[in-house]
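Notes follow the structure.
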Amino acid sequence: MADILSLAADNLLSPVILSFILGVAAALGRSDLSVPEAAAKGMSIYLLFAIGFKGGASVADHGVDGTLIATIGAGLVLSAGLPLVAFNLLRIMTKMSRVDAAAVAGHYGSISIVTFVAATSVLQGRGISSEGYMVAVAAVMEAPAILSALWLISTGGSDRRMDGTLLREILLNGSIVLLVGAFFIGLATGQDGLASISSFIVAPFTGVLCLFLLDMGLVAGRGLRDVRGSLGYGAVAFGIMMPVIGSLAGLAAALLIGLSTGGSVLLMVLSASASYIAVPAAMRVALPEANPSIYLTLSLGITFPFNLTVGIPLYVTLAQLATGG
Amino acid sequence: MADILSLAADNLLSPVILSFILGVAAALGRSDLSVPEAAAKGMSIYLLFAIGFKGGASVADHGVDGTLIATIGAGLVLSAGLPLVAFNLLRIMTKMSRVDAAAVAGHYGSISIVTFVAATSVLQGRGISSEGYMVAVAAVMEAPAILSALWLISTGGSDRRMDGTLLREILLNGSIVLLVGAFFIGLATGQDGLASISSFIVAPFTGVLCLFLLDMGLVAGRGLRDVRGSLGYGAVAFGIMMPVIGSLAGLAAALLIGLSTGGSVLLMVLSASASYIAVPAAMRVALPEANPSIYLTLSLGITFPFNLTVGIPLYVTLAQLATGG
Amino acid sequence: MADILSLAADNLLSPVILSFILGVAAALGRSDLSVPEAAAKGMSIYLLFAIGFKGGASVADHGVDGTLIATIGAGLVLSAGLPLVAFNLLRIMTKMSRVDAAAVAGHYGSISIVTFVAATSVLQGRGISSEGYMVAVAAVMEAPAILSALWLISTGGSDRRMDGTLLREILLNGSIVLLVGAFFIGLATGQDGLASISSFIVAPFTGVLCLFLLDMGLVAGRGLRDVRGSLGYGAVAFGIMMPVIGSLAGLAAALLIGLSTGGSVLLMVLSASASYIAVPAAMRVALPEANPSIYLTLSLGITFPFNLTVGIPLYVTLAQLATGG
Amino acid sequence: MKTHKAKRVVITIEAIMQKRLTDALESAGVTGYSILDVIGGSGRSGPWTSEGQISRASGMVQVICIIREERLDTLIDAAFDVVDKHIGVVTITDVEVLRAERF
Amino acid sequence: MKTHKAKRVVITIEAIMQKRLTDALESAGVTGYSILDVIGGSGRSGPWTSEGQISRASGMVQVICIIREERLDTLIDAAFDVVDKHIGVVTITDVEVLRAERF
Amino acid sequence: MKTHKAKRVVITIEAIMQKRLTDALESAGVTGYSILDVIGGSGRSGPWTSEGQISRASGMVQVICIIREERLDTLIDAAFDVVDKHIGVVTITDVEVLRAERF
Ligand SMILES: Nc1ncnc2c1ncn2[C@@H]1O[C@H](COP(=O)(O)O)[C@@H](O)[C@H]1O
Ligand SMILES: Nc1ncnc2c1ncn2[C@@H]1O[C@H](COP(=O)(O)O)[C@@H](O)[C@H]1O
Ligand SMILES: Nc1ncnc2c1ncn2[C@@H]1O[C@H](COP(=O)(O)O)[C@@H](O)[C@H]1O
Ligand code: NA
Ligand code: NA
Ligand code: NA
């Protein structure tokens, strides 16, 4: 316990997390500090490219062990399955409509790539290595949760929510394509490729992450400010409980598969985190009647800060205990 | 004298200053070269974050000596007092209306953070160290000058110019919040924090500053081109005299307090420089009848280039003579 | 031949080229991946500044040999002359109108600075050095081709297409001014200047080029998708033949002048590449009746990818054979 | 100079629906439109801004069509199908245009 | 398709005044508006462009409200208080809207 | 509040022609205008978007002038000279403006 607390304190005292907190504080204090949309999108492209490339180069270097297929499979199952857990929990803990609950549930099955990136940077800071292909697992976990959420709704009525256009949009959304594409470029060019661009994608990475999290903090803080009070206590409690439940499911899967300590942490983080890029967009198209401020505030305003500050150190400690790493 | 000239020549021949000159030349030649607004804002966020963080980390490293409080106090007095000097000088040297003169005066009490950044990079190039907390002094000097300017106007009439909203906007404007926030992050995470992001905020810093000053040159040159002739000789002379007067006031304060040579240079630069971010915005809100092209052209078109090219080497030489450094 | 193929394979397997291919694939697959306009423009400013500066610093270091003037002269002749070749080839191989053919011809006389940058990064990867002033040659080759294209049209009719405004726009367009300006800054500040900003303009250069080519791939792919079928076979064949013809003209000039192997490659690349920044803009102003989708698709959709993937390795091999380097 | 009567239709819609809307317009034979970026706003679902956003879900655009009066209904029907269940404001204004041969 | 009469009010105002304007609109009960970025222009104080600007003082925006005719005066009064001493152009156009239930 | 009749002219034109157009407007004595960025669109030459573009050749803008009715023809003539051979849509709408002293 003391360990978790000191880990958490350590984690909180990093420039990355403090930048996020600065952003939240600035937004709550109604400062006009803001990052231009194009700069924020530019940084997100940088982070996705860098994390994908490094994952691919690491697989090219260490090779793929037998657990790759199993982990991908586990990712698919977690992404598709966790929305069912989330949906039922929401129906019990809150008064949300079926549609809102399904939309929120979809977010929690899917993943937040920034939380994943922050976790890799914590692992790196502690010298804990992880399987390079976890980036690919992150990619496959984005979409199934959306299908589960739409299935949850379609069981209630008869209208088709999913069409070919939407399916293509989900599977080929920009962040998946960039992450997977960079992964394959890293895989194809290996350590030579990495060496040629490491002073771009490795050295300044943590610094860019600071500014990006400053921006995420501003957006999250603005969301919290605008809808303060629009989420009930039940929903807020869900936003903290659900990631813990997800992380435990991820840990169970990691133990079954036999992932390394670092890999276990990352699978936990993927399961625990909630999407705020791909899934909100899909929900706006497929479930326009769901209230975006509910799912965006929960995902970005509650669960994302929780994971960043308390969640990641907690998952690291749990994974170390469970894997003996 | 020969010394100052050779220092000035040295300074002029740096990539940073030449980039600024390139920008001015391109704008005067009516080239369509331009930096997108989002890219310029992105660079300014980077520079503020980096300079704030490095200041905080330096204070964490070297500790605070007894002069901190005195220097902050001096900064407040200089920022609040210099507008009175500027206002009277303007009323003597030019035919500006009271409102225009007060608006301009507010700019000269406040500070230009980019001039400050350029000065730190000159000091670093010469191996002159300075107190890390000068960044915090820069932050406290932004706002008092605005209050002085509004006070100058209110003594003339009776209408209230300042309200709670404006005060909050001034004190929590984005650049102050980012600078101070990054300062505290640097203070809290110290040299470890700095090490983790130094390949982002230290190594490429001078290069980013070049591109940023290219943009500042474009904007300043465009301003000069559009209003050529709208400023009288008196105003132009003011734009060159006032920074020198300000720098001498800053030097006097620095000697009283006992700052290092580097710290003295920076306090001189802060006193000598004129705002073009926070103060213009406040003036548009509080003094809409003041002509923005007067204060923007003076601050960005006359004083900023003067400080960048001639002023900084001059202040370095004066500070070295005065402090024996 | 086997050599060329292995070189080409090597070239294709670099992160830079694979990033371009990823972009094309994402666009053809209708992914919504996109780079914000401001971020793309920001990167292009970075690349122009860095390549110009490095060229200037290299000239400051190695001095100028007697071939400088000759190479500049050759660049002017190639830029002005190649449009005549291109125009006649187009009139033979395609059914394009005179105006469209002239507009396209102008693009092929001028240059693509990104192809040039990609070639310098290939040369650097192979340890082949080149004359630093080739950057200046690139700059002088931008404009003459435009004048040739307008001359081709004016021989047909009597209306004046060129006026003072347009000429100034062409000669002082942003990319020329930035390239030439950065070249002179590099020349003036030399290796000291380079050292002070090399962790900005040298170290991360290849990485930025990857993201920039990702964007170019997205734009090129979108162009290909939108006009698929609008170019006949003749035009497509032209888009592949013309760069080879251009490169041979460039090689002949390089041999006459006695350029190094690296310099020969770069002159070949300049002759082989087609503009998609300065020339399209000039054509929209001077020849509004020419169809932009023809010249943009040929230049960016056919010739640019050809040069990037097959052309550059081919030109390297030819230059090595011819110069014995 | 001679001008001609036409209609200016402005459709304010979520950015994620833009492609669906323009596809529907094109299917209905409306191939002339321009798109403006909306950087913020407010409505029944509260205020929003695009500042610092990376989510594709946020953000709106304005699709502007200048169209002959006789083709207005086709356009409106096509747009309505897409806008119906979604956030979206559709306004129609009388305008005069130069160079009617372009429409 | 049935349309309804309404007014389209466009207020061009300095970016720094945007928050004050929208706060005033909201106090007056006007909660529907969209904001466009103005990237340059010219007026009595000469030409300007947002290119390369970092100052919060530069730049303008357009605040666009679609509103029922009977609520127009409330809006205009609220806007006028803010725009009065400041740079700002206010225009009002007749429009037809689809789905009047939204206003 | 009292309003005054005026015209709102919107000229959608290629970004590279913007300077020529505004110079022509200024020569004709029209010094009030605002510029909006057009981020995409479609016309006879097919669809386009400004996403990821670095070419100066792509992209369009909207130049918006609020002008007194009696000065409309001057404006239109000046604009037409520039727009004539170029891509461009010119629309004119009746508007009411506040503070007519500004025009
Ligand atoms: N009356 C209106 N006038 C202008 N824009 C509006 C209006 N109502 C809604 N909008 C725009 O449409 C968005 C969504 O509206 P709503 O669905 O009511 O939340 C708002 O954020 C505005 O950008
Ligand atoms: N007649 C007009 N039509 C359109 N926009 C205008 C007009 N007059 C002023 N503006 C806009 O308002 C800004 C400030 O105008 P002014 O206060 O006259 O300098 C200008 O830069 C334009 O962006
Ligand atoms: N009817 C229209 N309504 C709105 N914008 C149009 C219209 N026609 C053309 N445009 C705009 O003008 C551009 C060029 O049109 P065009 O020359 O027909 O290809 C298009 O891409 C649109 O941005
Ligand atoms: Na999850
Ligand atoms: Na000052
Ligand atoms: Na060429």
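Heads up, the Cβ atoms here are built off N, Cα and C, so glycines get one too.
As written in TrEMBL, here are the features:
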type	residues	note
TRANSMEM	C:12-31	transmembrane segment
TRANSMEM	C:66-90	transmembrane segment
TRANSMEM	C:102-121	transmembrane segment
TRANSMEM	C:133-154	transmembrane segment
TRANSMEM	C:166-188	transmembrane segment
TRANSMEM	C:194-214	transmembrane segment
TRANSMEM	C:235-259	transmembrane segment
TRANSMEM	C:265-287	transmembrane segment
TRANSMEM	C:294-316	transmembrane segment
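The stretch from C:12-31, C:66-90, C:102-121, C:265-287, C:294-316 that makes the most Cβ contacts under 8 Å with the transmembrane segment (C:194-214) is C:12-31.
Looking at which of C:66-90, C:235-259, C:265-287, C:294-316 has the most CB pairs under 8 Å to the transmembrane segment (C:166-188), the answer is the stretch C:265-287. The highest tally of CB pairs under 8 A with the transmembrane segment (C:66-90), across C:12-31, C:133-154, C:235-259, C:294-316, is held by C:133-154. A contact between the transmembrane segment (C:12-31) and the transmembrane segment (C:235-259) is absent, since fewer than 3 of their C-beta pairs, 6 or more residues apart, lie under 8 Å. Below 8 A, the CB atoms of the transmembrane segment (C:133-154) and the transmembrane segment (C:265-287) form 3+ pairs separated by six or more positions in the chain.
Of the candidate ranges C:102-121, C:235-259, C:294-316, C:102-121 contributes the most Cβ pairs within a distance under 8 Å of the transmembrane segment (C:265-287).
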